[in-house]
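Residues annotated as signal peptide in Swiss-Prot: 1-33. The domain '6-Cys 1' annotation in Swiss-Prot covers 69-206. Residues or ranges marked as disulfide bond by Swiss-Prot: CYS91-CYS101, CYS115-CYS186, CYS129-CYS184, CYS219-CYS243, CYS257-CYS360, CYS295-CYS358. Residues or ranges marked as N-linked glycosylation site in Swiss-Prot (evidence: sequence analysis): ASN98, ASN118, ASN206, ASN298, ASN374. According to Swiss-Prot, the domain '6-Cys 2' annotation covers 215-379.
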Amino acid sequence: MAYNIWEEYIMANFHNVYPVVTNLFLFIALSYSFCIFVFFSFFFVKMRKVIYFFLIICLHSNVGWHPFFVFFCGVSGLYVKELQVGNYYICNLKDYANETCTVNYDYNKMIKLLCPINKSYEEYDDRYCFKFIGIRDRLVINNQEEPIMDTLPGIIIENLNMFDRYNVGIYMPFYVKEDITIVCTCESSKDSEAITPYLKIHVKANNSFNKEGEFIKGCDYGNNKGKHQFLTNTLKQEENFLCEINANPGEVVGMNCINFEEYTTTTTINNKKKKHQNKNNKNNFDVIQLRPPHCFSNVSISMSFLRVVTMNVNNLLPEAKYYPEVYSFPKDKKFQKYSTISYLWIPENVPHDILFYCHCNFPQGKGIGLFNINKTVES
């Protein structure tokens, strides 16, 4: 009887206390949630540059969103001028506008330069990259008489305008004929008295892919010779519509459609040397293009006499590397003269002979680069 009385007493008090306890825990949970919301809002505002910076790395690297969340949770307190991620080197002069970066040449290193967008200056173009001569009056001496393509034939430069900055991609050529140092500059603010912000790249010929000084195997329908040559087969589409390349595992092959000597002419304007497009030459990007789009990321395979299939090269060679990379964002059209240069690094493991092609589209026809990749010979 006593047990029933105590049980009824406890149950009656429990029903009275339960709403109070529930409201107390709910209040505590809401208080903590509000504090966490305020903290992360403040944290995001303070660390937004770092988050955007690493987001660009993920987008450039084509590695998806997972590294972004790992970085955000793990090392989001890191705020750097230079960063090495795998074979990517990033120089952040957007947030370090009065400083410089220095890196050594590596043909397998993809270099990314982040520059601020200064509305008072002209837009970024390849004239901001040139042979390094020296510094005078805290300014980098710009040797505009020598375009970067004369200094390093086969270099690829591109630009994406994202997140209120220039995202300049620099792909160094696999063939380098001599030791040299180049710089790519960013514009500093008008009232800045600091040195011009720049990225310096030290290039050593003995670090190039072909250390014997040989050109890269490939088809150059731009017929670039002399100081502009970087591929083995230089030819004109009017004379040769087919270029055949035999390559082995571990080698690099290339393709190009533009003649760089014809693309630019030098004129004197106000006693200053400037480069401009020669309106009378044949290098019109509306009609001269490398196909399929994003060759060598995509290549063409002939399935039969009348059937051609385009597929990703990694379906044929899973470990192959192609340069430049493929982006879902539109590229700056001022860099289109580099858009017909492409490289493919063949992996060491090639299970069987593979035949594919890319081609240059000209007003008068096509120039086809046919690439025969030999299978790996078992030892």
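From the backbone N, Cα and C atoms, a Cβ is placed for every residue, glycine too.
Known features from Swiss-Prot, placed on the structure.
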residue : record                      : DSSP class
ASN98   : N-linked glycosylation site : coil
CYS184  : disulfide bond              : strand
CYS219  : disulfide bond              : strand
CYS257  : disulfide bond              : coil
CYS295  : disulfide bond              : coil
CYS358  : disulfide bond              : strand
ASN374  : N-linked glycosylation site : coil
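CYS257 (disulfide bond) sits 8 Å from CYS219 (disulfide bond), taking the Cα positions as reference. DSSP assigns ASN118 (N-linked glycosylation site) to coil in the three-state reduction, outside any helix or strand.
The DSSP secondary structure for ASN206 (N-linked glycosylation site) is helix. Between ASN118 (N-linked glycosylation site) and ASN298 (N-linked glycosylation site), the C-alpha separation comes to 36 Å. Long-range Cβ contacts of ASN206 (N-linked glycosylation site) within its own chain (separation 6+, distance under 8 Å) are none. For the disulfide-bonded residues CYS219, CYS243, the ranking by surrounding Cβ atoms (within 10 Å, all protein chains) places CYS219 first. Across the structure, CYS91 (disulfide bond) and ASN298 (N-linked glycosylation site) are spaced 29 Å apart at their Cα atoms. It is CYS101, among the disulfide-bonded residues CYS101, CYS115, CYS129, CYS358, whose Cβ has the fewest other Cβ atoms within 10 Å in the structure shown.
Within 10 Å of CYS358 (disulfide bond), judged by CA to CA distance, lie the following recorded positions from the set ASN98, CYS184, CYS186, ASN298, ASN374: ASN298. Its Cβ placed at the centre, CYS257 (disulfide bond) has 26 other Cβ atoms within 10 Å.
Put simply, CYS101 (disulfide bond) is 41 Å from ASN374 (N-linked glycosylation site) when counted between their Cα atoms.
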